[in-house]
Amino acid sequence: MYQDKILVRQLGLQPYEAISQAMHNFTDMRDENSHDEIWLVEHYPVFTQGQAGKAEHILMPGDIPVVQSDRGGQVTYHGPGQQVMYVLLNLKRRKLGVRDLVTLLEQTVVNTLAEIGIEAHPRADAPGVYVGEKKICSLGLRIRRGCSFHGLALNVNMDLSPFLRINPCGYAGMEMAKITQWKEDATTDNIAPRLLANILALLNNPPYEYIAA
């Protein structure tokens, strides 16, 4: 019988394609009794092109690979120092619509940043989370058979310069930000637990369990 427990995997630094394949496999294999999972991971440098992605938004990738993804949205960059959180949730079971999940993820990041003194907000016209006009977190989701995968990417203490090689999320001149511009001692190690605590709170504090990678 299904129990409302979320399994949390802290996966460290991983290549994007291997984790993407694992997400697909998990989503394809899961059934109505499978636990929901949250994966916390950082990726080696990679540009990922979303389903709606247009090639003209990849300006000069250089030595960084470009990988096609089936998440929503346009091109973005992942690299070390960016906390990625993948949400593998049975939305039907949790009575969440897609828009509800987007709002929940944005609020997770807003609440996490508020705890460390950074005022952030979502934008109606461009998904993600912003500090002033600068984008600090990107979102991209896919829903299959009522279950979500992919998730969010929060810039913590990463090198932002690769974002200059693309139009982030399809917006020319979109300025990116990272947490260490306001909070110098931020690392993925001290941000990940806050991010997890905040998403669990918004999911009504289900029991959770860390699973060894």
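Cβ coordinates come from backbone N, Cα and C, glycine included.
What Swiss-Prot records for this protein:
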- 32-207: domain 'BPL/LPL catalytic' (DOMAIN)
- R71, G72, G73, Q74, V75, T76, Y77, H78, S138, L139, G140, G151, L152, A153: substrate binding site (BINDING)
- K135: site 'Lowers pKa of active site Cys' (SITE)
- C169: active site, acyl-thioester intermediate (ACT_SITE)
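K135 (site 'Lowers pKa of active site Cys') falls within a strand segment according to DSSP. Contacts of L152 (substrate binding site) defined by a Cβ separation under 8 A and a same-chain sequence distance of 6+ are given as V84, M85, V87, L105, T108, V109, C137, S138, L139, G140, in order along the sequence. K135 (site 'Lowers pKa of active site Cys') has C169 as its nearest neighbour among the recorded positions R71, G73, V75, Y77, C169, going by CA to CA distance.
Predicted-model confidence for the domain 'BPL/LPL catalytic' (32-207) is 97, expressed as mean pLDDT. Listed in sequence order, F47, T48, Q49, G50, G53, H57, I58, V66, I166, N167, P168, C169, G170 are the same-chain residues at least 6 apart in sequence whose CB falls under 8 Å from the CB of V75 (substrate binding site). Taking every pair among R71, G72, G73, Q74, V75, T76, Y77, H78, S138, L139, G140, G151, L152, A153, the residues recorded as binding substrate, the greatest CA to CA distance is 15 Å. A C-beta separation below 8 Å, combined with a sequence spacing of at least six in one chain, links G73 (substrate binding site) to G50, Q51, A52, G53, P127, S138, L139, G140, C169, G170.
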